[in-house]
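S.K.: Got a structure here, written out as structure tokens. Questions coming.
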Amino acid sequence: VDSYDVTVEEDLGEIQLIKIEKRRYWYQDDWYLKYITVKTPVGDYLEFPCYRWITDEKEVVLRDGRAKLLRDDKTQILKQHRRKELESRQKMYRWKEWHPGFPLSIDAHSHRELPRDIQFDNEKGIDFILNYTKAMENLYVNRFMHMFQSSWSDFADFERIFVRISNTISEYVMQHWREDFMFGYQFLNGCNPVLIRRCTEIPKKLPVTMDMVECSLERNLTLEEEVKQGNIFIVDYELLDGVDANKTDPCTVQYLAAPICLLYKNLEKKIVPIAIQLGQKPGPDNPIFLPSDATYDWLLAKIWVRSSDFHIHQTVTHLLRTHLVSEVFSIAMFRQLPAVHPLFKLLVPHMRFTIAINTKAREQLICECGLFDKANATGGGGHVQMVQKAMKDLTYSSLCFPEEIKAKGMDSKEDIPYYYYRDDGIRVWEAIKSFAEDVIHIYYESDEVVCEDVELQAFVKDIYVYGMRGVKASGFPKMIRTRETLAEYLTVIMFTTSAQHAAVNFGQYDWCSWIPNAPPTMRCPPPTEKGTVTIEQIVESLPDRGRSCWHLGAVWALSQFQDTELFLGMYPDEHFVEKPVKEAMAKFRKNLDEIVSTITERNKNKKLPYYYLSPDRIPNSVAV
């Protein structure tokens, strides 16, 4: 890092813009410029933030760091600069359909084709093939790869690839994964805590009777009464029904199921499973499995649910609802908000490396014959079908955290006391919203100013038209008319790109490294009758050695923070220069610090601490 002082003898008058040119040397010498500070003859300082790469023989024209709405620009030169910047960005950041029905993504086939400003500093650092292979070496599991197709001999055999890091969640999972309380707990605080909802009526497709579940109920009430009192919960994997299982390996047939799982809040207010049906259509060959069944019948039914949960988690909760959605926000921002716009300055830290990581994923991970095909039953095209089906549930209200929790009937703290994902998520949501409101009130003195901001309206429209494909039912606004709505909209963007992604990404090694707890594929079809399951059959159903190793490498690599990670509230790039915004940032950080303290205090002496939504572990953006 170098700093340069340039002294100018003559009086330049009032400075409107600064132009930086770079001459080309014989070799590529891209230059990253952070900012320029101008000291005027009267001793004032002007900041001109840049935070961009200057490449080849390009020139960059900068405005001073004070954030301005279009209506604030009075001179022609500033209006023209603003327009030109957007015209050039719109040529660079183009929308493209990767698969029919998907949210649109960036028009680039590889990481190298992306604009230099949004590429990773070091492409090697995000090479999935390299990282997964490195992870398998670090975990010392690559010694099993030559036995790719062979089965493990029993559950204990899985321990040969399990890295014991004592006193961690992953070790606790390995020790307790068979227990019903552990199975239920994961719906609240595992890495996919978004599916469980209160059951208001037992669905017709799940013909559970009182006789079946009586021995699981603890309040001397009928099943109907338990439902009425709000003690019954349900998780339905209907989305997986009809999805094609992976056929890319002719040597291994792989299977998917679409189970329905009924859960019960017992007298200790813990959530436990009471009935599992492995298919959507009831019938004699689709029995309802119960805790009172033979041990291995019940265990295999739970394993099938855990496997289905893994698929929904990876493709819908994680890929679609954090990665792809964040990319939409990111492209729209670059296309419609100039660097001088206060909302560009507010959002840009939350878009860091998102387009780059997604482009790399389309290049290596989720493409045809990509890494995803190697170990996952939804590889080979199933994951594409899943995203297409899940688009109908991708609504604006489902991205508003408190609203979504409420819609699922999961909002009562008194009723469901151990739902830490909800508790921490709401705290972080409130802190982000308060920060967004503070920034909005600095730049928008009224709702009228919001309505008149054509750049903001173009940004919102881009997200609706290209991201949500203009689907009215998505509930995404086409226009924003009030400061209050704008605060919520910005909170949705900042929360999704930071907290939501952290909650569903960084727990993957903790919860999925013990393979029987999160099998990425199943090699035998779901059982169609009771009383026949053996331990051998379960082990035959679970992933073989090779797929287990790939899976382990993947969940390890995905759970690591970047070397240069910036966590929520850390804004080292000073896009904003005004004092009121600096004060709003300081208040935001103080609020976040208080949340960290509360979470740390709660987690003390807990065997299963919940820390994924602790702000000091939430990266600003989706970058892994």
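FYI, residue positions are counted from 1 along the chain as it appears here.
Any Cβ shown, glycine's included, is placed from N, Cα and C.
For reference, TrEMBL lists these features for the protein:
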{"type": "DOMAIN", "residues": "1-68", "note": "domain 'PLAT'"}
{"type": "BINDING", "residues": "D29, D30", "note": "Ca(2+) binding site"}
{"type": "SITE", "residues": "W53", "note": "site 'Essential for stabilizing binding to COTL1'"}
{"type": "DOMAIN", "residues": "68-624", "note": "domain 'Lipoxygenase'"}
{"type": "BINDING", "residues": "H318, H323, H501", "note": "Fe cation binding site"}
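Set these features in their place in the structure for me.
M.R.: When other Cβ atoms within 10 Å of the Cβ of D30 (Ca(2+) binding site) are tallied across all protein chains shown, the result is 11.
Taking Cβ-Cβ distances under 8 Å and a sequence separation of 6 or more, the neighbours of W53 (site 'Essential for stabilizing binding to COTL1') in its chain are D30, W31, Y32, L33, R116, D117.
With a cut-off of 8 Å between CB atoms and residues at least 6 apart in sequence, the same chain places T354, I357, N358, A361, H501, V622 near H323 (Fe cation binding site), listed in sequence order.
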S.K.: In the structure shown, with every protein chain counted, which of the binding-site residues H318, H501 has the densest set of Cβ atoms within 10 angstroms of its Cβ?
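M.R.: The most densely surrounded of these binding-site residues is H501.
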S.K.: Measure from the CA atom of H318 (Fe cation binding site) to the CA atom of D29 (Ca(2+) binding site) and give the result in Å, rounded to a whole number.
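M.R.: It is 37 Å, counting Cα to Cα.
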S.K.: On average, what pLDDT score does this prediction assign to the domain 'Lipoxygenase' (68-624)?
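M.R.: Across the domain 'Lipoxygenase' (68-624), the average pLDDT comes out at 93.
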